[in-house]
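For Asp14, His15, Gly16, Lys17, Ser18, Thr19, Asn130, Lys131, Ile132, Asp133, the entry in Swiss-Prot reads GTP binding site. The domain 'tr-type G' annotation in Swiss-Prot covers 2-183.
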Amino acid sequence: MKNIRNFCIIAHIDHGKSTLADRLLEATGTISGKASQDQLLDNMDLERERGITIKSHAIQMRYTFKGTDYVLNLIDTPGHVDFSYEVSRSIAACEGALLVIDASQGIEAQTISNLYLALEHDLTIIPVLNKIDLPGAMPEEVKDQIVDLLGCDREDIIPASAKQGIGIEDILQAIIERISPPTGLVDAPLQAMIFDSVYNSFKGVEVYFRIFNGTIKQGDQVKFVNTGKSYEADEIGVLRLGQIPQESLSAGYVGYLISGIKNAREVKVGDTITHVNNPCKEAIKGFEDVKPMVYAGIYPVESNEYEELRTAIEKLQLNDASLVWTHESSAALGIGFRCGFLGMLHMEIVQERLEREFDMTVITTVPSVQFHVIDKQGDLHEVNAPSELPDPNLIDEIQEPFIRAQIITKPEFIGNIIKLCVDKRGALQNQTYLTPERVELTFKLPLAEVVFDFFDKLKTISKGYASLDYELLGFEASKLVKLDILLNEEKIDALSAIVHRDKAYELGKKLCAKLKELLPKQMFEIPIQAAIGTKVIARETIKAMRKNVIAKCYGGDISRKRKLLEKQKKGKKRMRQIGSVEVPQEAFLAVLKLE
């Protein structure tokens, strides 16, 4: 066991984490230079294309140092804020971490939040200054930032360039010398933590785990503590480039388990694996059920594709256990699904995977967050969609989720960023200068304002120099109302939204004006109204198309003309009572893009 090292790589998006992993694999001979492709561990096309890591991955390397053979287990972590729970579980499975920082970008928000996670788990941190070969690199300044942040010596920082292969041997040496080997008892009851799972259509769910205590053998009866289900370990082994089956694995090892599990929901990241007959005393701390933050409706474009969409979502869920869904029907869009996501990036990825892997075109409705409604009896209801909101007379208060957002940026953009956050009902809580060129701003913001277009706007006003990280603070009461849109005095449920009372009037006005542009004219006039409850707060009218009925009247007799006009008016009135308005799809999509 003293020759095992478990480590992960912490970095902000684009700081070169996946490339560094590729170089380490080449240096240890795990892959030959020929067989390699870039971002080897990112095995979804989407991950390679966007250059982000979505799932956690693990791989075992062998390295000989001063005549001793060492086993190095690299556990790759996602870097995006939506996947922070997966990161925390990957970190908990390690004893050390490489903190990779881009020499041209410096320290970013995500780097700091993941670093704090690593320090909470008492990991040994090895700072690596990456991309020193870039013309825009500022190695000395960034070294100062790292020293300020970690309180380490300048000599501890390893300069490297993953692309050129500089400094790779130094990193491997540091992993062996600085990171402590795993501790744990081989003879104790089995205690292992799941940090990831992958769905394989032939073998079922493959579970990736790290053993803290005990030994697992092939054919053992094991159970997952939090779900309480038990399985037989059909196949266990270690992960190199492929899977290598083993007879048994003991404390300190990272491995995989296959036992024909068909449902991905039974495997929860962070759960504890133990033996059925000799269970461990307690589960590993830190397990949480991941709760979705953002909800949106997903509907098929053609209503006859409903079944196909359902199969597609079910298959996606096998690989992505954090996606939750229920059935939902809407008068305007037909039948579809209400899906819960970890955040906006997760939502985009799910949508893109549906289009890519299953060839489905879908409409997504306005994303919203979960609200808590407390009724007059004092009971709490969870509301995931505006249509679920109870009658206003029954509501005592509505609570919405608040987040603490940390934004790191350059000093010249502070004014614009504060203005953006205040417009989004945020409050500035703290402002610290990390270096003269980098400021950390802490805001308290309602999540509902952030899920929409906050990130895009933040990037725009800071010319791309701001990075964001957030965590949920909890629910607080707010003045929220349900804004309905009425067309020809009928509610259009897909356009309803739960908004803050102070913003309702402005939003209602914009929505009505936008719909007036988008809806085609009819033979009768259509009122477009925005209403809160029964009170209309904004209105636009689409004028009717009318035929000139008095064109054939020559001579001046006004009563003849009036008779024809009255007759036309009556016809229009009758039409309006029975006429219904089709809402084109562009209208729904345009509402998403309201400024």
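Cβ from N, Cα, C; glycine included.
Within the model, the domain 'tr-type G' (2-183) carries an average pLDDT of 74.
Neighbour density around each Cβ, counted as other Cβ atoms within 10 Å, peaks among the binding-site residues Ser18, Asn130 at Asn130. Shown are the binding-site residues Gly16, Ile132; the one with the most C-beta atoms within 10 angstroms of its own C-beta is Gly16. DSSP assigns Asn130 (GTP binding site) to a strand in the three-state reduction. According to DSSP, Ser18 (GTP binding site) sits within a helical segment.
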